[in-house]
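Chemist: A single structure is presented below for examination.
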(Lines of atoms letter the chains of each structure in order from A; the text may use other names.)
(Lines give C-alpha, C1' and ligand atoms only; values in the text may rest on other atoms or scores of the structure.)
Protein backbone atom coordinates (compact mmCIF):
# COMPACT_ATOMS: atom_id res chain seq x y z
CA UNK A 1 0.00 0.00 0.00
CA UNK A 2 1.33 3.46 -1.00
CA UNK A 3 1.99 5.86 1.86
CA UNK A 4 0.17 9.18 1.43
CA UNK A 5 2.26 12.11 2.62
CA UNK A 6 -0.04 14.93 3.68
CA UNK A 7 2.73 17.58 3.62
CA UNK A 8 3.51 16.78 -0.03
CA UNK A 9 -0.16 17.06 -1.00
CA UNK A 10 -0.55 20.34 0.89
CA UNK A 11 2.57 21.72 -0.88
CA UNK A 12 1.10 20.84 -4.27
CA UNK A 13 -2.23 22.49 -3.36
CA UNK A 14 -0.43 25.58 -2.04
CA UNK A 15 1.61 25.78 -5.26
CA UNK A 16 -1.56 25.51 -7.35
CA UNK A 17 -3.18 28.32 -5.33
CA UNK A 18 -0.07 30.56 -5.71
CA UNK A 19 0.03 30.01 -9.47
CA UNK A 20 -3.70 30.60 -9.94
CA UNK A 21 -4.34 33.51 -12.31
CA UNK A 22 -7.05 35.59 -10.74
CA UNK A 23 -7.62 37.80 -13.76
CA UNK A 24 -11.28 37.61 -14.74
CA UNK A 25 -12.31 38.60 -18.26
CA UNK A 26 -15.64 40.35 -18.30
CA UNK A 27 -17.34 40.41 -21.69
CA UNK A 28 -20.65 41.93 -22.67
CA UNK A 29 -22.29 39.08 -24.60
CA UNK A 30 -25.71 38.93 -26.23
CA UNK A 31 -27.73 36.42 -28.23
CA UNK A 32 -29.01 36.71 -31.79
CA UNK A 33 -32.82 36.73 -31.80
CA UNK A 34 -33.35 37.23 -35.51
CA UNK A 35 -31.15 37.82 -38.56
CA UNK A 36 -31.91 38.65 -42.20
CA UNK A 37 -31.72 41.40 -44.87
CA UNK A 38 -28.43 42.66 -43.41
CA UNK A 39 -30.03 43.32 -39.99
CA UNK A 40 -29.67 41.36 -36.74
CA UNK A 41 -31.77 41.72 -33.58
CA UNK A 42 -29.68 40.97 -30.50
CA UNK A 43 -30.90 40.37 -26.94
CA UNK A 44 -28.86 40.83 -23.76
CA UNK A 45 -26.35 43.55 -24.74
CA UNK A 46 -27.19 45.91 -21.90
CA UNK A 47 -24.13 48.16 -21.93
CA UNK A 48 -23.69 48.71 -25.64
CA UNK A 49 -23.07 52.21 -27.09
CA UNK A 50 -24.80 53.68 -30.13
CA UNK A 51 -22.53 53.09 -33.11
CA UNK A 52 -20.41 50.48 -31.28
CA UNK A 53 -18.83 47.63 -33.23
CA UNK A 54 -20.15 44.16 -32.36
CA UNK A 55 -18.38 40.86 -33.13
CA UNK A 56 -20.52 37.92 -34.27
CA UNK A 57 -19.29 34.38 -33.70
CA UNK A 58 -19.66 32.96 -37.19
CA UNK A 59 -17.09 31.56 -39.64
CA UNK A 60 -16.45 34.96 -41.25
CA UNK A 61 -16.20 36.78 -37.90
CA UNK A 62 -18.78 39.28 -39.20
CA UNK A 63 -18.74 42.74 -37.63
CA UNK A 64 -21.87 44.85 -37.13
CA UNK A 65 -22.74 48.36 -35.93
CA UNK A 66 -25.30 48.86 -33.14
CA UNK A 67 -27.73 51.47 -34.49
CA UNK A 68 -31.05 50.90 -32.69
CA UNK A 69 -30.88 50.70 -28.89
CA UNK A 70 -34.35 49.54 -27.84
CA UNK A 71 -35.73 48.55 -24.42
CA UNK A 72 -35.52 44.80 -25.00
CA UNK A 73 -33.13 44.36 -27.95
CA UNK A 74 -30.44 46.01 -30.07
CA UNK A 75 -30.84 46.54 -33.85
CA UNK A 76 -27.51 45.79 -35.55
CA UNK A 77 -26.56 46.46 -39.19
CA UNK A 78 -24.09 43.92 -40.59
CA UNK A 79 -20.90 44.80 -42.48
CA UNK A 80 -21.00 41.54 -44.39
CA UNK A 81 -23.59 39.20 -45.86
CA UNK A 82 -24.13 37.44 -42.48
CA UNK A 83 -25.16 34.17 -44.14
CA UNK A 84 -23.52 32.05 -41.44
CA UNK A 85 -24.98 33.91 -38.46
CA UNK A 86 -27.48 31.66 -36.73
CA UNK A 87 -30.38 32.45 -34.44
CA UNK A 88 -29.21 31.86 -30.86
CA UNK A 89 -25.50 32.42 -31.63
CA UNK A 90 -23.57 34.80 -29.39
CA UNK A 91 -22.49 38.38 -30.08
CA UNK A 92 -19.74 40.23 -28.23
CA UNK A 93 -19.48 44.01 -27.84
CA UNK A 94 -15.97 45.30 -28.63
CA UNK A 95 -16.13 48.62 -26.76
CA UNK A 96 -14.89 50.37 -29.94
CA UNK A 97 -16.47 52.80 -32.37
CA UNK A 98 -15.74 52.18 -36.09
CA UNK A 99 -12.23 53.33 -37.02
CA UNK A 100 -9.90 52.83 -39.96
CA UNK A 101 -6.13 52.87 -40.55
CA UNK A 102 -4.86 56.08 -42.22
CA UNK A 103 -1.52 57.17 -43.67
CA UNK A 104 0.49 58.32 -46.69
CA UNK A 105 0.76 54.68 -47.81
CA UNK A 106 -2.87 54.79 -48.99
CA UNK A 107 -2.03 57.24 -51.82
CA UNK A 108 -2.49 55.56 -55.19
CA UNK A 109 -4.53 52.73 -53.67
CA UNK A 110 -8.10 51.45 -54.09
CA UNK A 111 -9.69 50.48 -50.77
CA UNK A 112 -13.07 49.34 -49.46
CA UNK A 113 -15.07 51.33 -46.85
CA UNK A 114 -13.10 49.62 -44.04
CA UNK A 115 -9.85 50.90 -45.67
CA UNK A 116 -8.82 47.38 -46.69
CA UNK A 117 -7.05 47.36 -50.09
CA UNK A 118 -8.94 45.76 -52.98
CA UNK A 119 -6.36 46.44 -55.71
CA UNK A 120 -4.12 43.37 -55.13
CA UNK A 121 -1.07 45.53 -54.32
CA UNK A 122 -0.58 44.22 -50.77
CA UNK A 123 -1.55 45.61 -47.37
CA UNK A 124 -0.03 49.00 -46.46
CA UNK A 125 1.88 49.05 -43.16
CA UNK A 126 0.33 51.97 -41.28
CA UNK A 127 0.38 52.86 -37.59
CA UNK A 128 -2.20 55.65 -37.35
CA UNK A 129 -5.95 55.16 -37.07
CA UNK A 130 -8.85 57.63 -37.19
CA UNK A 131 -12.47 57.33 -36.18
CA UNK A 132 -14.76 57.07 -39.22
CA UNK A 133 -17.13 59.56 -37.57
CA UNK A 134 -15.32 62.50 -35.96
CA UNK A 135 -16.30 66.02 -35.00
CA UNK A 136 -16.14 68.75 -37.64
CA UNK A 137 -13.76 71.66 -36.87
CA UNK A 138 -15.40 74.41 -34.78
CA UNK A 139 -15.90 78.04 -35.79
CA UNK A 140 -12.67 79.19 -34.10
CA UNK A 141 -10.65 76.46 -35.82
CA UNK A 142 -11.64 77.68 -39.29
CA UNK A 143 -10.74 80.61 -41.50
CA UNK A 144 -12.46 82.09 -44.53
CA UNK A 145 -11.93 80.42 -47.88
CA UNK A 146 -9.03 82.36 -49.37
CA UNK A 147 -7.27 80.14 -51.94
CA UNK A 148 -8.71 79.00 -55.26
CA UNK A 149 -9.10 75.34 -56.18
CA UNK A 150 -8.75 75.36 -59.95
CA UNK A 151 -10.89 72.72 -61.66
CA UNK A 152 -9.38 73.27 -65.11
CA UNK A 153 -12.91 73.70 -66.50
CA UNK A 154 -13.22 77.23 -67.92
CA UNK A 155 -16.96 77.60 -67.26
CA UNK A 156 -16.51 76.71 -63.57
CA UNK A 157 -13.29 78.61 -62.84
CA UNK A 158 -14.65 81.79 -64.44
CA UNK A 159 -18.30 81.89 -63.30
CA UNK A 160 -18.73 79.36 -60.45
CA UNK A 161 -15.28 79.44 -58.81
CA UNK A 162 -14.43 76.96 -56.05
CA UNK A 163 -12.13 77.77 -53.13
CA UNK A 164 -10.11 75.41 -50.94
CA UNK A 165 -12.28 74.38 -48.00
CA UNK A 166 -15.57 74.95 -49.84
CA UNK A 167 -18.45 72.47 -50.33
CA UNK A 168 -19.71 72.70 -53.91
CA UNK A 169 -22.51 70.39 -55.03
CA UNK A 170 -22.47 68.84 -58.51
CA UNK A 171 -26.09 68.04 -59.36
CA UNK A 172 -27.83 66.73 -62.46
CA UNK A 173 -29.65 63.84 -64.10
CA UNK A 174 -27.91 60.58 -64.91
CA UNK A 175 -25.49 60.68 -67.86
CA UNK A 176 -24.97 64.45 -67.83
CA UNK A 177 -21.22 64.41 -67.05
CA UNK A 178 -21.19 64.79 -63.25
CA UNK A 179 -18.37 62.27 -62.67
CA UNK A 180 -16.42 63.77 -65.60
CA UNK A 181 -16.44 67.22 -63.94
CA UNK A 182 -15.16 65.63 -60.71
CA UNK A 183 -12.45 63.61 -62.49
CA UNK A 184 -11.27 66.65 -64.49
CA UNK A 185 -10.90 68.48 -61.17
CA UNK A 186 -8.74 65.64 -59.78
CA UNK A 187 -6.61 65.54 -62.95
CA UNK A 188 -6.10 69.34 -62.76
CA UNK A 189 -4.60 69.05 -59.25
CA UNK A 190 -1.44 67.48 -60.71
CA UNK A 191 1.57 69.39 -59.37
CA UNK A 192 -0.63 71.48 -57.02
CA UNK A 193 0.22 69.42 -53.87
CA UNK A 194 -3.44 68.50 -53.29
CA UNK A 195 -4.38 65.04 -51.98
CA UNK A 196 -7.57 63.77 -53.64
CA UNK A 197 -10.03 61.16 -52.35
CA UNK A 198 -12.63 59.74 -54.73
CA UNK A 199 -15.48 57.89 -52.98
CA UNK A 200 -17.57 55.66 -55.27
CA UNK A 201 -20.88 54.72 -53.62
CA UNK A 202 -23.15 52.03 -55.07
CA UNK A 203 -21.54 52.09 -58.52
CA UNK A 204 -20.83 49.20 -60.87
CA UNK A 205 -17.36 47.70 -60.35
CA UNK A 206 -16.70 48.28 -64.09
CA UNK A 207 -17.38 52.04 -63.69
CA UNK A 208 -14.94 52.25 -60.76
CA UNK A 209 -12.31 50.32 -62.75
CA UNK A 210 -12.75 52.82 -65.61
CA UNK A 211 -12.26 55.76 -63.22
CA UNK A 212 -9.09 54.17 -61.78
CA UNK A 213 -7.65 53.52 -65.26
CA UNK A 214 -8.42 57.14 -66.34
CA UNK A 215 -6.64 58.50 -63.25
CA UNK A 216 -3.68 56.16 -63.84
CA UNK A 217 -3.45 57.14 -67.51
CA UNK A 218 -3.37 60.86 -66.63
CA UNK A 219 -0.81 60.36 -63.82
CA UNK A 220 -3.33 61.41 -61.17
CA UNK A 221 -3.59 58.14 -59.22
CA UNK A 222 -0.33 58.80 -57.36
CA UNK A 223 -1.95 61.59 -55.29
CA UNK A 224 -5.43 60.02 -55.14
CA UNK A 225 -7.11 57.47 -52.86
CA UNK A 226 -10.15 55.63 -54.28
CA UNK A 227 -12.72 54.34 -51.77
CA UNK A 228 -15.14 51.93 -53.46
CA UNK A 229 -18.41 50.56 -52.04
CA UNK A 230 -19.78 48.77 -55.08
CA UNK A 231 -23.44 48.17 -55.86
CA UNK A 232 -23.25 44.51 -54.74
CA UNK A 233 -21.90 45.37 -51.27
CA UNK A 234 -24.10 45.52 -48.14
CA UNK A 235 -26.03 48.76 -47.53
CA UNK A 236 -23.98 49.30 -44.33
CA UNK A 237 -20.73 49.60 -46.31
CA UNK A 238 -22.36 52.00 -48.81
CA UNK A 239 -23.57 54.07 -45.84
CA UNK A 240 -20.13 54.36 -44.17
CA UNK A 241 -18.08 54.83 -47.38
CA UNK A 242 -18.30 58.68 -47.45
CA UNK A 243 -17.25 58.89 -43.78
CA UNK A 244 -14.25 56.67 -44.56
CA UNK A 245 -13.28 59.04 -47.39
CA UNK A 246 -13.62 62.05 -45.07
CA UNK A 247 -11.47 60.33 -42.38
CA UNK A 248 -8.71 59.57 -44.92
CA UNK A 249 -8.76 63.22 -46.10
CA UNK A 250 -8.82 64.56 -42.51
CA UNK A 251 -5.53 62.79 -41.79
CA UNK A 252 -3.85 64.92 -44.48
CA UNK A 253 -5.86 68.07 -43.66
CA UNK A 254 -4.65 68.09 -40.05
CA UNK A 255 -1.08 67.71 -41.36
CA UNK A 256 -1.52 71.09 -43.10
CA UNK A 257 -2.20 69.77 -46.61
CA UNK A 258 -4.91 70.75 -49.06
CA UNK A 259 -7.31 67.88 -49.82
CA UNK A 260 -10.19 67.34 -52.23
CA UNK A 261 -12.94 64.75 -51.58
CA UNK A 262 -15.49 63.68 -54.16
CA UNK A 263 -18.58 61.76 -53.00
CA UNK A 264 -20.03 60.01 -56.05
CA UNK A 265 -22.87 60.01 -55.23
CA UNK A 266 -24.72 60.88 -52.02
CA UNK A 267 -28.13 59.92 -53.49
CA UNK A 268 -27.07 56.26 -53.34
CA UNK A 269 -25.77 56.70 -49.79
CA UNK A 270 -29.14 58.16 -48.72
CA UNK A 271 -30.91 55.22 -50.39
CA UNK A 272 -28.67 52.72 -48.55
CA UNK A 273 -29.42 54.53 -45.27
CA UNK A 274 -33.15 54.50 -46.06
CA UNK A 275 -32.97 50.75 -46.67
CA UNK A 276 -31.21 50.18 -43.33
CA UNK A 277 -33.62 52.44 -41.44
CA UNK A 278 -36.75 50.82 -42.86
CA UNK A 279 -35.41 47.35 -42.04
CA UNK A 280 -34.69 48.57 -38.50
CA UNK A 281 -38.35 49.72 -38.39
CA UNK A 282 -37.52 53.38 -37.85
CA UNK A 283 -40.50 55.61 -38.71
CA UNK A 284 -40.36 56.76 -42.35
CA UNK A 285 -40.78 60.43 -43.31
CA UNK A 286 -40.88 62.27 -46.64
CA UNK A 287 -40.12 59.95 -49.61
CA UNK A 288 -39.79 57.16 -46.98
CA UNK A 289 -36.44 58.55 -45.80
CA UNK A 290 -35.89 58.53 -42.02
CA UNK A 291 -36.13 61.79 -40.07
CA UNK A 292 -32.35 62.13 -39.61
CA UNK A 293 -31.37 61.93 -43.29
CA UNK A 294 -30.49 65.66 -43.22
CA UNK A 295 -28.08 64.98 -40.35
CA UNK A 296 -26.63 62.07 -42.35
CA UNK A 297 -25.30 64.54 -44.94
CA UNK A 298 -24.75 67.63 -42.78
CA UNK A 299 -22.38 65.85 -40.38
CA UNK A 300 -20.40 64.58 -43.37
CA UNK A 301 -20.16 67.85 -45.31
CA UNK A 302 -19.45 70.00 -42.23
CA UNK A 303 -16.12 68.16 -41.95
CA UNK A 304 -14.94 70.08 -45.03
CA UNK A 305 -13.11 73.21 -43.86
CA UNK A 306 -10.25 75.61 -44.34
CA UNK A 307 -8.36 75.36 -41.03
CA UNK A 308 -6.70 78.38 -39.42
CA UNK A 309 -2.91 78.70 -39.22
CA UNK A 310 -2.79 77.46 -35.60
CA UNK A 311 -4.17 74.11 -36.78
CA UNK A 312 -1.77 74.01 -39.74
CA UNK A 313 -3.82 75.82 -42.40
CA UNK A 314 -4.87 72.59 -44.14
CA UNK A 315 -8.13 72.33 -46.05
CA UNK A 316 -10.71 69.81 -47.18
CA UNK A 317 -12.76 70.74 -50.23
CA UNK A 318 -15.87 68.59 -50.74
CA UNK A 319 -17.55 68.02 -54.11
CA UNK A 320 -20.64 65.93 -53.34
CA UNK A 321 -22.58 64.61 -56.34
CA UNK A 322 -26.37 64.25 -56.34
CA UNK A 323 -28.39 62.57 -59.09
CA UNK A 324 -31.79 64.10 -59.88
CA UNK A 325 -34.79 62.54 -61.60
CA UNK A 326 -35.89 64.46 -64.73
CA UNK A 327 -34.16 67.65 -63.51
CA UNK A 328 -36.19 67.85 -60.29
CA UNK A 329 -33.93 69.82 -57.93
CA UNK A 330 -36.79 70.34 -55.48
CA UNK A 331 -36.90 66.68 -54.36
CA UNK A 332 -36.02 65.88 -50.73
CA UNK A 333 -32.33 64.87 -50.95
CA UNK A 334 -31.34 67.54 -53.56
CA UNK A 335 -32.89 70.38 -51.50
CA UNK A 336 -31.23 69.05 -48.33
CA UNK A 337 -27.76 68.97 -49.87
CA UNK A 338 -28.24 72.32 -51.67
CA UNK A 339 -28.99 73.91 -48.28
CA UNK A 340 -25.88 72.33 -46.67
CA UNK A 341 -23.37 73.20 -49.41
CA UNK A 342 -21.83 76.55 -50.40
CA UNK A 343 -23.19 76.50 -53.93
CA UNK A 344 -24.09 74.10 -56.72
CA UNK A 345 -23.10 73.30 -60.29
CA UNK A 346 -26.24 72.21 -62.14
CA UNK A 347 -25.71 69.99 -65.19
CA UNK A 348 -28.58 69.94 -67.66
CA UNK A 349 -29.55 66.96 -69.80
CA UNK A 350 -30.95 69.24 -72.55
CA UNK A 351 -27.67 71.18 -72.83
CA UNK A 352 -25.71 67.91 -72.84
CA UNK A 353 -27.82 66.51 -75.67
CA UNK A 354 -27.49 69.74 -77.68
CA UNK A 355 -23.69 69.34 -77.65
CA UNK A 356 -22.79 71.86 -74.94
CA UNK A 357 -20.30 70.00 -72.76
CA UNK A 358 -19.64 70.44 -69.87
CA UNK A 359 -23.45 70.91 -69.77
CA UNK A 360 -23.45 73.55 -67.03
CA UNK A 361 -26.65 75.55 -66.64
CA UNK A 362 -25.08 78.88 -65.67
CA UNK A 363 -28.45 80.40 -64.74
CA UNK A 364 -29.07 78.29 -61.64
CA UNK A 365 -25.46 77.33 -60.82
CA UNK A 366 -23.86 79.46 -58.13
CA UNK A 367 -20.81 79.61 -55.87
CA UNK A 368 -21.51 81.33 -52.56
CA UNK A 369 -17.88 81.39 -51.39
CA UNK A 370 -15.36 80.74 -54.14
CA UNK A 371 -15.38 84.20 -55.75
CA UNK A 372 -13.46 85.44 -52.69
CA UNK A 373 -10.70 83.01 -53.67
CA UNK A 374 -10.71 83.71 -57.42
CA UNK A 375 -7.45 85.15 -58.76
CA UNK A 376 -7.62 88.84 -59.73
CA UNK A 377 -6.76 88.18 -63.39
CA UNK A 378 -9.82 85.95 -63.74
CA UNK A 379 -12.04 88.49 -61.97
CA UNK A 380 -10.79 91.19 -64.37
CA UNK A 381 -11.73 89.27 -67.51
CA UNK A 382 -14.72 87.17 -66.36
CA UNK A 383 -16.67 89.82 -64.43
CA UNK A 384 -19.14 90.43 -67.27
CA UNK A 385 -19.21 86.87 -68.62
CA UNK A 386 -22.22 85.58 -66.67
CA UNK A 387 -24.30 88.67 -67.53
CA UNK A 388 -23.35 88.49 -71.23
CA UNK A 389 -24.37 84.82 -71.39
CA UNK A 390 -27.66 85.49 -69.57
CA UNK A 391 -28.52 88.34 -71.97
CA UNK A 392 -27.54 86.16 -74.93
CA UNK A 393 -29.82 83.30 -73.75
CA UNK A 394 -32.72 85.76 -73.46
CA UNK A 395 -32.04 87.24 -76.91
CA UNK A 396 -31.65 83.81 -78.48
CA UNK A 397 -35.08 82.76 -77.21
CA UNK A 398 -36.58 86.03 -78.51
CA UNK A 399 -34.82 85.84 -81.90
CA UNK A 400 -36.56 82.56 -82.73
CA UNK A 401 -39.83 84.51 -83.08
CA UNK A 402 -38.52 87.79 -84.53
CA UNK A 403 -38.10 87.90 -88.31
CA UNK A 404 -35.75 90.89 -88.76
CA UNK A 405 -33.17 91.88 -86.14
CA UNK A 406 -31.18 95.12 -85.99
CA UNK A 407 -27.37 95.11 -86.36
CA UNK A 408 -26.66 95.53 -82.62
CA UNK A 409 -28.81 92.52 -81.75
CA UNK A 410 -27.15 90.44 -84.48
CA UNK A 411 -23.72 91.40 -83.10
CA UNK A 412 -24.75 90.49 -79.57
CA UNK A 413 -26.07 87.12 -80.76
CA UNK A 414 -22.84 86.47 -82.68
CA UNK A 415 -20.71 87.27 -79.63
CA UNK A 416 -22.91 85.14 -77.36
CA UNK A 417 -22.54 82.15 -79.67
CA UNK A 418 -18.76 82.54 -79.61
CA UNK A 419 -18.67 82.90 -75.82
CA UNK A 420 -20.69 79.71 -75.52
CA UNK A 421 -18.30 78.02 -77.93
CA UNK A 422 -15.16 78.92 -75.92
CA UNK A 423 -16.70 77.40 -72.79
CA UNK A 424 -17.05 74.00 -74.48
CA UNK A 425 -14.34 71.59 -73.44
CA UNK A 426 -13.38 67.96 -74.09
CA UNK A 427 -13.38 65.60 -71.13
CA UNK A 428 -10.15 64.81 -69.24
CA UNK A 429 -8.38 67.85 -70.73
CA UNK A 430 -8.31 70.59 -68.07
CA UNK A 431 -7.02 74.04 -69.08
CA UNK A 432 -4.51 75.95 -66.88
CA UNK A 433 -5.88 79.16 -65.34
CA UNK A 434 -3.54 81.49 -67.29
CA UNK A 435 -4.81 80.03 -70.60
CA UNK A 436 -8.42 80.28 -69.39
CA UNK A 437 -7.82 83.99 -68.69
CA UNK A 438 -6.53 84.51 -72.24
CA UNK A 439 -9.45 82.63 -73.85
CA UNK A 440 -12.11 84.60 -71.94
CA UNK A 441 -10.29 87.91 -72.59
CA UNK A 442 -10.38 87.20 -76.33
CA UNK A 443 -14.08 86.28 -76.25
CA UNK A 444 -15.39 89.05 -74.01
CA UNK A 445 -13.48 91.83 -75.80
CA UNK A 446 -14.80 90.92 -79.25
CA UNK A 447 -11.59 89.48 -80.75
CA UNK A 448 -13.50 86.37 -81.82
CA UNK A 449 -16.45 88.22 -83.38
CA UNK A 450 -14.94 87.99 -86.88
CA UNK A 451 -13.93 84.34 -86.52
CA UNK A 452 -16.26 81.82 -88.16
CA UNK A 453 -18.22 79.91 -85.50
CA UNK A 454 -16.87 76.59 -86.81
CA UNK A 455 -13.29 77.91 -86.46
CA UNK A 456 -13.55 79.24 -82.88
CA UNK A 457 -12.30 75.95 -81.40
CA UNK A 458 -9.23 75.91 -83.68
CA UNK A 459 -8.56 79.61 -83.00
CA UNK A 460 -8.60 78.98 -79.23
CA UNK A 461 -6.24 75.99 -79.60
CA UNK A 462 -3.86 78.07 -81.73
CA UNK A 463 -3.94 80.93 -79.19
CA UNK A 464 -3.16 78.56 -76.31
CA UNK A 465 -0.29 77.03 -78.27
CA UNK A 466 1.13 80.43 -79.21
CA UNK A 467 1.07 81.63 -75.58
CA UNK A 468 2.62 78.39 -74.36
CA UNK A 469 5.41 78.15 -76.94
CA UNK A 470 6.15 81.70 -78.19
CA UNK A 471 5.12 83.86 -75.22
CA UNK A 472 5.65 81.85 -71.99
CA UNK A 473 6.24 85.14 -70.10
CA UNK A 474 2.45 85.78 -70.23
CA UNK A 475 1.67 82.65 -68.20
CA UNK A 476 4.56 83.31 -65.80
CA UNK A 477 3.31 86.87 -65.20
CA UNK A 478 -0.28 85.71 -64.47
CA UNK A 479 0.89 82.96 -62.11
CA UNK A 480 3.34 85.19 -60.21
CA UNK A 481 1.32 88.44 -59.91
CA UNK A 482 -2.19 86.83 -60.13
CA UNK A 483 -3.17 89.94 -62.15
CA UNK A 484 -3.58 90.88 -65.78
CA UNK A 485 -1.26 93.91 -65.78
CA UNK A 486 -0.77 96.25 -68.80
CA UNK A 487 2.43 94.43 -69.89
CA UNK A 488 0.83 90.99 -69.94
CA UNK A 489 -2.25 92.47 -71.65
CA UNK A 490 -0.01 93.77 -74.45
CA UNK A 491 1.59 90.31 -74.83
CA UNK A 492 -1.90 88.78 -75.00
CA UNK A 493 -3.09 91.30 -77.63
CA UNK A 494 0.02 90.54 -79.70
CA UNK A 495 -0.66 86.78 -79.44
CA UNK A 496 -4.30 87.28 -80.50
CA UNK A 497 -3.28 89.39 -83.52
CA UNK A 498 -0.59 86.82 -84.51
CA UNK A 499 -3.15 84.01 -84.43
CA UNK A 500 -5.73 86.19 -86.26
CA UNK A 501 -3.16 86.79 -89.05
CA UNK A 502 -2.57 83.04 -89.32
CA UNK A 503 -6.35 82.64 -89.70
CA UNK A 504 -6.20 85.52 -92.27
CA UNK A 505 -8.81 87.63 -90.50
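Even glycines carry a Cβ here, placed using N, Cα and C.
According to Swiss-Prot, the protein carries these features:
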| type | residues | note |
| --- | --- | --- |
| BINDING | 172, 173, 174, 175, 176, 177, 178, 179 | ATP binding site |
| SITE | 365 | site 'Required for activity' |
Chemist: Do you know which of the recorded positions 175, 176, 179, 365 has the most other C-beta atoms within 10 angstroms of its C-beta?
Modeler: 176
Chemist: I'd like to know which of these binding-site residues, 174, 178, is least surrounded, judged by other CB atoms within 10 A.
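Modeler: Lowest Cβ count within 10 Å among the binding-site residues (174, 178) is 174.
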Chemist: Cα of residue 177 (ATP binding site) to Cα of residue 365 (site 'Required for activity'): how many Å, rounded?
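Modeler: The Cα atom of residue 177 (ATP binding site) is 15 Å away from the Cα atom of residue 365 (site 'Required for activity').
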Chemist: In sequence order, what residues of the same chain, 6+ apart, have a Cβ less than 8 Å from the Cβ of residue 173 (ATP binding site)?
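Modeler: For residue 173 (ATP binding site), the qualifying residues are 323, 324, 325, 326, 327, 347, 349.
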Chemist: Give the residue from the binding-site residues 172, 177 that has the most other Cβ atoms within 10 Å of its Cβ, counting over every protein chain displayed.
Modeler: 172
Chemist: Looking only at C-alpha atoms, tell me how far residue 174 (ATP binding site) is from residue 365 (site 'Required for activity'), rounded to the nearest Å.
Modeler: 17
Chemist: To the nearest whole angstrom, what is the C-alpha distance linking residue 365 (site 'Required for activity') and residue 172 (ATP binding site)?
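Modeler: Taking the Cα atoms only, residue 365 (site 'Required for activity') lies 11 Å from residue 172 (ATP binding site).
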Chemist: Specify all same-chain residues, apart from the site residues 172, 173, 174, 175, 176, 177, 178, 179, whose Cβ lies within 8 angstroms of the center of the Cβ atoms of the ATP site, ordered by sequence.
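Modeler: Result: 323, 347, 349, 352.
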Chemist: In three-state terms from DSSP, label residue 172 (ATP binding site) for me.
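Modeler: Reduced to three states, the DSSP call for residue 172 (ATP binding site) is strand.
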